[in-house]
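*Asks:* Pasting the relevant annotations from TrEMBL:
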type     : residues : note
DOMAIN   : 585-850  : domain 'G-protein coupled receptors family 3 profile'
TRANSMEM : 584-609  : transmembrane segment
TRANSMEM : 621-643  : transmembrane segment
TRANSMEM : 655-679  : transmembrane segment
TRANSMEM : 700-718  : transmembrane segment
TRANSMEM : 745-768  : transmembrane segment
TRANSMEM : 780-800  : transmembrane segment
TRANSMEM : 812-835  : transmembrane segment
Amino acid sequence: MAGSGINPLSRDNMFHLNGMRKPGDVVLGGLFEMHFGPIYPDLSFTSEPQQPDCHGFDVLGFRQAQTMAFAIDEINRNSHLLPNVTLGYSLYDNCDQLGIGFRAALSLTSGQEEKVTLHETCVGTPLVLGIVGEDSSTRSIAISTVLGLYRVPMVSYFATCSCLSDRQKFPSFFRMIPSDAFQVRAMIQILKYFGWTWAGLLISGNDYGLHAARSFQTDLSPSGGGCLAYTEILTEGNDPAEIRRIVDVMRKSTARVVIVFAHYSEMINLMEEVVRQNVTGLQWMASEAWTLASVLQTPHLMPYLGGTLGIAIRRGEIPGLREFLLQIRPDLHHNNSYGNDVVRFWEFTFQCRFAPPPAGWVEAGGALCTGHEDLENVETEFLDILNLRPEYNVYKAVYALAYAIDDMLQCEPGRGPFSGNSCGNLQRLEPWQLLYYLEKVNFTTPFGDQVSFDENGDVLPIYDIMNWLWLPDGRIKVQNVGEVKTSALKGEELTLDEDKIFWNFESKEPPRSVCSESCPPGTRMARKKGEPECCFDCIPCSEGKISNKTDSMECTSCPEDFWSSPQRDHCFPKKIDFLSYHEPLGICLTATSLLGTFVCAVVLGIFIYHRRTPIVRANNSELSFQLLFSLKLCFLCSLLFIGHPRHWTCQLRHAAFGISFVLCVSCILVKTMVVLAVFKASKPGGEASLKWFGAVQQRGTVVVLTSVQAAICTAWLVSSSPAPHKNTQYHNDKIVYECVVGSTIGFAVLLGYIGLLAVLSFLLAFLARNLPDNFNEAKLITFSMLIFCAVWVAFVPAYISSPGKYADAVEVFAILASSFGLLVALFGPKCYIILLRPERNTKKAIMGRGNTKS
């Protein structure tokens, strides 16, 4: 590495910076934190020149600066990248101060020379084309705001604030480290992976923490991973009362996971208070700012921080870097580029001082340095190249700028991207020209990582996931347990090796951190009023609704033909309900119907067998046979009301019922009319009435009366036919299959016509009940019609009030009851005489002759 420390100039109003330089055809700038802070009272310009005396040497920052020098040296030795072009650098120390870093950036872009030396070509000393830095989001925001005005590219290796992705505000800012927005999403993926929906958030009070908190509040939700139990800001000042309050909030919260987005220096005081209050049982999640902080990895803190999961910058390997670092030697005569920063590093590493010491750099005391000490014989993290993370980003940033310059210099004249199809010229390169090519950079590092920028200047993000392991022997190890990255094909991916993770709990298992336990299937989440969304009650789904997954926001209704299970976690087909042949009620009604049919057949057989006996012949045997046949049809038609309703059964059942009963009642009506006609004919001058009630007239009357009912049924079926219907109104969990009558008027007319004939038969029979005859059938007809009318009068309200299959059962019962009533009332006494009192089945007995009682 070549260059020299910048010496104080004699010119007034000049501000001098610590740094290193190396000349080249193209110069790249760098801003690094090689010291922790300056020692001077004022940063303003004064009449006397100032050179900040930075204290607290930062070995890692110095190693990052040396990594940039190594990368440039490696590129200069590469014959394939930037051939015939020598890269130079100009590196400044920002002393971890915004003011110094800002002045250093302005010096890199505008220069500090008192005068500009022009060559014969009128080309001045080349300034930097691009800058590698800063490591702080706050400083990057301030510097990039100015550099963006002049389109000077700045590639940061450590600034993570998501606000820097705003291309409108920072048009020339790029970075090799993922933004905090991706880091937040990576943490949220870890939360989701372990089911942690309830976490606390601690942030620093600067841009780094505040923007991260905003990202968490935006991205973290029940759908995105969970809720924040609390958000607290860790102040930079050492305020014991505020720290006690924050730790008290952590101790009282039910959240077992604590996410900390802060610098490790802000964690020290916090952890001391955590130890004092003995707040254990917490799972810590670290941002990249303190994941690898060795100052926190102590036996004193490991009982509390053991098992911490952290996001870390991607580790990379840089072959040859160690050998390059071993070549560093201090030059007290300023003949090389190392300057005072190397002297300070040497004194810090070997705990010695040079004699005489450089003015203002080394405190008095200590052994004398020779400059020939061996770096390999001292234990220093400066040479620990197994854990290169920020350095890997510096390395990639330098190569990104180099590839962009290489692409720019390979431009063919007349085919360039600039005005007039012009290209960039080595003697007149401009930073804004480099910006165009930097946006299109795409290369792969020796470690195998692809490097390219998106439209916001952010590199393809990738993070390592680290775990703080507390070994049984007391040693502390931070091990890699996974990674999270974004690829062009698969998007964001989280990979974790759970077997390697150390959990600092007795169970050796991941903790539970939820505000409310998950709602099981069959319930829905109901948010608690005034509390975060992750705090909820589990409300069981109502009848007919289900939730078939955990943490359902709503219960969904089952389809019409389905109903919810008792657990409300799935829908099952509703039970189909109808008057079935397989249920007890259906079996009883079917048996009764068949019994009635059988009895009718038996009675019909008896009458046919005894058809020549007086009692059969005296009561109009033909009408009796027709009546028995119609009663048999009445019994059988009741079977149409049992079983699964079909379209044809719904149409046939009422038609068969109506016609069968009209046929039956018509026969009874004609019988009654014949009784009246015979009695009238027995009186003087009444013989003429019999001619109107001959056999033909009796049959014709029955046919006409039945035809009227047939016409009513036909009109009903044509106009508004009965049809099967799925009724869900009676029972929510059942589908009641029933036959709707279609036209209520048609059904009413059908029943009314039957009732009209029945009432007319009853009235005529009632008038003829006391006619003189030993066996007056009018009495039996009166009694049978009384039963018939009573049954059907009771049927109407019972039918209307009975739901579903019970309406069908009521109708079947009415049919059977009325049919049995007619069968027993009309044919019971006759069968009794025929079978049990045959002595009364004589013409003499029927006519009443020889009977003492008239």
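A Cβ is built for glycine as well, from the same backbone N, Cα and C atoms used for every other residue.
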*Asks:* In terms of Cβ proximity under 8 Å, which residues at least six beyond the ends of the transmembrane segment (700-718) contact it?
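*Replies:* Sequence-distant neighbours of the transmembrane segment (700-718): 623, 626, 651, 654-655, 658-659, 662-663, 666-667, 669-670, 673, 742-743, 746-747, 749-750, 753-754, 757.
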*Asks:* Which one, 621-643, 655-679, 780-800, has the most C-beta pairs under 8 Å toward the transmembrane segment (745-768)?
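*Replies:* That would be 655-679.
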*Asks:* Test of understanding: applying the rule of at least three C-beta pairs under 8 Å (pairs 6 or more apart in sequence), is the transmembrane segment (780-800) touching the transmembrane segment (584-609)?
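*Replies:* Answer no, regions not in contact.
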*Asks:* Could you tell me whether the transmembrane segment (780-800) and the transmembrane segment (621-643) are in contact, taking contact to mean 3+ Cβ pairs under 8 Å with a sequence separation of 6 or more?
*Replies:* no
*Asks:* For the domain 'G-protein coupled receptors family 3 profile' (585-850), what is the mean per-residue pLDDT, to the nearest integer?
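*Replies:* That stretch averages a pLDDT of 81.
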*Asks:* Checking distant contacts: for the transmembrane segment (780-800), what same-chain residues at least six beyond its ends satisfy Cβ-Cβ under 8 A?
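*Replies:* The answer is 665, 668, 671-672, 675, 751, 754-755, 758-759, 761-762, 765-766, 769, 807, 810-811, 814, 817-818, 821-822, 825-826, 829.
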